[in-house]
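Annotated NADP(+) binding site per Swiss-Prot: ARG39, ARG45, in sequence order. Swiss-Prot lists ARG132, SER133, SER134, ASN251, ALA252, GLY296, LYS311, PRO312, ILE313, PRO314, THR315, ARG337 with the feature FMN binding site.
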Amino acid sequence: MKYLTSGESHGPQLTVIIEGVPANLEIKAEDINKEMFKRQGGYGRGRRMQIEKDAVEIVSGVRNGYTLGSPITIVVTNDDFTHWRNIMGIEPISDEERDNMKRTITKPRPGHADLIGGMKYNHRDLRNVLERSSARETAARVAVGAVSKILLEQLDIHMYSRVVEIGGIKDEGLYDTETFKQNIDKNDVRVIDETIAQKMRDKIDAAKKDGDSIGGVVQVMVENMPVAVGSYVQYDRKLDGRIAQGVVSINAFKGVSFGEGFKAAEKPGSEIQDEILYDNEIGFYRGSNHLGGFEGGMTNGMPIIVNGVMKPIPTLYKPLNSVDINTKEDFKATIERSDSCAVPAASVVCEHVVAFEVAKAITEEFQSNHIDQLKAQIDERRRLNIEF
C-alpha cells in the first residue's frame, strides 16, 4: 500500500490517492467520515474547525460499496475556500495584484516551516509554504488511515488511541480494553479519568488566555496483531522503524517511543525484557509488554504500544520575535488562525498514521489480491504462533 496527498490548507480541496488496497473490501464514506469527525474534535481547537465539516467523497476505486483493487481516490472539500478564493485562486494575476495581495506573509513564525521552506523553494510570499505545511493536510492522512482501519478490522486487528499528557498533566492509568473502548471518545481531551481531564482543560484555558500554546503526549494501541510482521534482515523492513518515521512525520511531532519507551533507559535488563511463555490455546506470548509489541523490528503478538510527543503549536497569539524577509527588520511573527492545543486531535491523527503503516506492512507480508485471500493468510500466520 502507498498513498499520495495534495492540496493546500485554504485551497479548494484535499485529495488523496491510495494504492494497494485489496479488492472486495467493503468501504462506505460514512465510516470514513466518523473518523474524520474525531479529528475535528478535542478541547483547545480553533475557529477553523467551526467552519470545516469534513466529509469525504470517494471518486474512484470503489464500486457499489466494495473496493476494486485499483487506486482509491478520496476528496475532502475545504469549505473555508469560499473566503479565500481571491487569495488562493489558481488563475494567474498581474504584478500589481500580487503586490496588493492580502494576507501576504513576510514575517516567518519561529518553529514553523515558513522561513526555511521559503529559502528552499524561493518563495517571497511565505504563504506558499504555510499553505502546504499546515496541519490541515492531516485530514487527508486520517482518510487514508480510516481506509486502513477498515481493512485491519476485517482481519480482527483493532486500533485505539488516547492522550496521556497535556502540558505536564498526565494520565498514566492502566485500563482494560473494554473500559478504554467504552469511554475514550466520551471525553473532549480523550482521557479516561475525568478529574485529570478537567485539569487538562484548565491548563489549555490558561495557555489560551495567555496567547500561548501547549503540547503533550499521545498513545496508540494495536491489538491482535499476527506475529512476525516486519523483518530483522534489513533496517528498512523493521516495522517499528517504519511506524516511528510515520509518527514523527506528523506536524509538530518531535519524538516517538514504544512500550515503556525512554523509561527503559532507567531500568536493568531484567526488568525490561518480556519473558516468553506458552499456552496450548494461544501459543507463545509474553508475561509483560515493556517493549511495546516488538522484538527485532517484528511483531511478537503482544499489543503494539506507540507513544508520540507533540510540541506546542508554533502559531502564537502572543507572537515571538522574527525578522521580515524583505526589510530584514525585527518584527513580531505573523499571527495565523490556529489552535491553542491540538493534542486530543493529534491522538486521532497518530492513530490513523500508525494504522496505515500497519496495513502497509500486512499487505506486503501477505501478498493478496482480494480480502478473502488475505484473511486466509492471516489465519495461517496466527496458527503458526501455536504450532511452531
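Here, residue 1 is simply the first one shown, and the rest follow in order.
Using the three backbone atoms N, Cα and C, a Cβ is placed for every residue, glycine included.
Considering other CB atoms within 10 Å as the measure, the emptiest surroundings among the binding-site residues ALA252, ILE313 are those of ALA252. Considering only the binding-site residues ARG45, LYS311, the Cβ with the fewest other Cβ atoms within 10 Å is that of LYS311. With the fewest other C-beta atoms within 10 Å around its C-beta, SER134 stands out among the binding-site residues SER134, THR315.
Distance noted between the C-alpha atoms of ARG132 (FMN binding site) and ARG39 (NADP(+) binding site) is 18 Å.
Cβ neighbour count for ARG39 (NADP(+) binding site): 27 (other Cβ atoms within 10 Å of its Cβ, all protein chains included).
Look at ARG132 (FMN binding site): DSSP puts it in a helix. Across the structure, SER134 (FMN binding site) and ARG39 (NADP(+) binding site) are spaced 15 Å apart at their Cα atoms. Separation of the C-alpha atoms of THR315 (FMN binding site) and ARG45 (NADP(+) binding site): 13 Å, rounded to the nearest whole number. For ARG45 (NADP(+) binding site), the nearest neighbour among the listed binding-site residues (ALA252, LYS311, ILE313), judged by C-alpha distance, is ILE313.
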